[in-house]
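Asks: Below, the features straight out of Swiss-Prot:
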COILED    423-476  coiled coil
COILED    512-589  coiled coil
COILED    640-673  coiled coil
COMPBIAS  570-584  compositional bias 'Basic and acidic residues'
COMPBIAS  648-663  compositional bias 'Basic and acidic residues'
MOD_RES   MET1  N-acetylmethionine
MOD_RES   THR481  phosphothreonine
REGION    528-561  region 'Disordered'
REGION    570-589  region 'Disordered'
REGION    644-688  region 'Disordered'
REPEAT    50-90  repeat 'WD 1'
REPEAT    174-213  repeat 'WD 2'
REPEAT    228-266  repeat 'WD 3'
REPEAT    270-308  repeat 'WD 4'
REPEAT    310-349  repeat 'WD 5'
Amino acid sequence: MQVSSLNEVKIYSLSCGKSLPEWLSDRKKRALQKKDVDVRRRIELIQDFEMPTVCTTIKVSKDGQYILATGTYKPRVRCYDTYQLSLKFERCLDSEVVTFEILSDDYSKIVFLHNDRYIEFHSQSGFYYKTRIPKFGRDFSYHYPSCDLYFVGASSEVYRLNLEQGRYLNPLQTDAAENNVCDINTVHGLFATGTIEGRVECWDPRVRKRVGVLDCALNSVTADSEINSLPTISALKFNGALSMAVGTSTGQVLLYDLRSDKPLLVKDHQYGLPIKSVHFQDSLDLVLSADSRIVKMWNKDSGKIFTSLEPEHDLNDVCLYPSSGMILTANESPKMGIYYIPVLGPAPRWCSFLDNLTEELEENPESTVYDDYKFVTKKDLENLGLTHLIGSPFLRAYMHGFFMDIRLYHKVKLMVNPFAYEEYRKDKIRQKIEETRAQRVQLKKLPKVNKELALKLIEEEEEKQKSTLKKKVKSLPNILTDDRFKVMFENPDFQVDEDSEEFRLLNPLVSRISEKRKKQLRLLEQQEQLKNEEEEEPEGKPSDAESSESSDDEKDWVEEVRKQRRLLQQEERVKRQEQLKEDQQTVLKPQFYEIKAGEEFRSFKESATKQKLMNKTLEDRLKLEAKHGTLSVSDTTVGSKQLTFTLKRSEQQKKQQEAEKLHRQERKKLRRSASHLRSRPRRGRPFH
């Protein structure tokens, strides 16, 4: 057993426990249960609740007594009696089952849809009848009032098979190329089918006419969803008379009210996997939606996640046991999953003891019985010299190797290599020495802000300590230990923005200066070494070489700066193009603002000035108006006050008119008359 908790909701996995190897005999299994406490405490809720390889579908009968599951290989169906907690019967089939439906309250009437177009009917005694449909089927539903089976599949038609008459009826012609899923509302009998184009078509079985179409593909696309292909309908489920849940192939679940063509809620699984099944839990108003990776339980009104269930293997089908907190899963593994969530509801009547056992479950996962065995390959047997044991009871063939007892493996390992302990001891000593060495050179904990700058300063400090010219190099205080620069490594406001334009343009210069400083330190060290060796003249580079080297460095730095500037210009162009595209896509709409009564709107620029003016007292505002000349207050002989104010607009017009008048006068003064210039008389005949 395993206990997990998500959002403070405990989930008990009843199928996760010690798994016994298949090649163990019954006698050894019983002996192992007596010896091993973990195996003895293992809870096997239903005996042999598994398939040989894979389980594809799982359902519960209406009376809740029988659990039916189909799987492979070979294709088969298994029926489990919950009252006996064991397997009731098993029937092998000719081909794999796509889906099946239990028509009766118990297991006496079952219909199977196979992947080779066959429809198989089973009764309580076994196989009853088999027929075929024209196209490959994917899903079917049973209409109880008319005894009709509706089959959908790789065709635009919905085939109808009447079980009372025993013959096919006229099919329903849909507008889709193919249909994936279908369902019938148990309240009013509405038939719905999900198409490959992402639409849901609803039909009235009484008149065999289409009564509505929902375009779910368009409604499933939200701002947060990333969809690369057209969503198709992969799951469909009715709840009551008016609610319907639709699952898409891109991982969205849409909740609809049949009276509206817009979804009430769109829930995204965020995995991009097709929704396998959808179920409703009415007591807590939850929706259980499952894809091949996870089962999510969320509130159908708000979409808030309640809890989730993520098994080890991929999911093929999910079944919610009615009126309880038990969930059954069909997985891509031999074991079928049984999960119990006490918050969803009580344990079923046939396993009411789970309520007491769940209080004693351990939260740590259990180890498997395979820990008592060691898996070895044929090459390992050759190295150990145990090839002669192949075929004996000491080795059990499994996949590409063998299982052998772990105690036997340790004994043989010790005999083959008696010095293994000494080698192990030496390896441990070497690891300890390496750990101590690593601790000596371990750097101090870097600050939260400007980590790269701090690491650079630490490296420079280490280089100074390693250099032999400690006396000649002037010792500078360390910035990391200086309190004046303490804020630079603590306050996020002082974080160096490496993406800024200033940093990218100055970074080549800073790196070039640091490289020059390192070269100078190396040259000084070489000169010191030469002096210590008492050489007459230290060899060095000629001045021409140094000048050429400095010029090359300068050229490299200039090229680096030009490169950074080109990159910045390119990024700026890309940003402008993106902004232009966004501006073209956005549609500008006029915005309206309500102006208070008694106020006059001039421009948005005066809003700040007006706000400051309103904050002042009445006396200050009167003084300000009198100063500008727009307001004058005088006393009358009667003792009252006379107030005169001038409109700003008329005042501005007067000023403008006076300015124009002065301008005309200046132009008139500067104008020179041309009346003194007269044209000379022309010679020759006048031109007529």
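Backbone N, Cα and C define each Cβ position, glycine as well.
Note that this is a predicted model, so its numbers are computed, not measured.
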Asks: Under a criterion of three or more Cβ pairs within a distance under 8 Å and sequence separation of at least 6, are the repeat 'WD 1' (50-90) and the repeat 'WD 4' (270-308) in contact?
Replies: no
Asks: Let me know the model's mean pLDDT on the coiled coil (423-476).
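Replies: Its mean pLDDT is 68.
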Asks: Per DSSP, to which secondary structure element type does the residue listed as 'phosphothreonine' belong, with helix, strand and coil as the options?
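Replies: Coil, per DSSP.
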Asks: For the repeat 'WD 4' (270-308), what are the DSSP-based totals of helix, strand and coil residues?
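Replies: Breakdown, helix to coil: 0 helix, 19 strand, 20 coil.
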Asks: Would you list the DSSP helix, strand and coil counts for the residues of the region 'Disordered' (570-589)?
Replies: 16 helix, 0 strand, 4 coil
Asks: Give me the DSSP three-state residue breakdown of the repeat 'WD 5' (310-349), ordered helix, strand, coil.
Replies: 1 helix, 17 strand, 22 coil
Asks: How many other Cβ atoms sit within 10 Å of the Cβ of THR481 (phosphothreonine)?
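Replies: I get 9 for this one.
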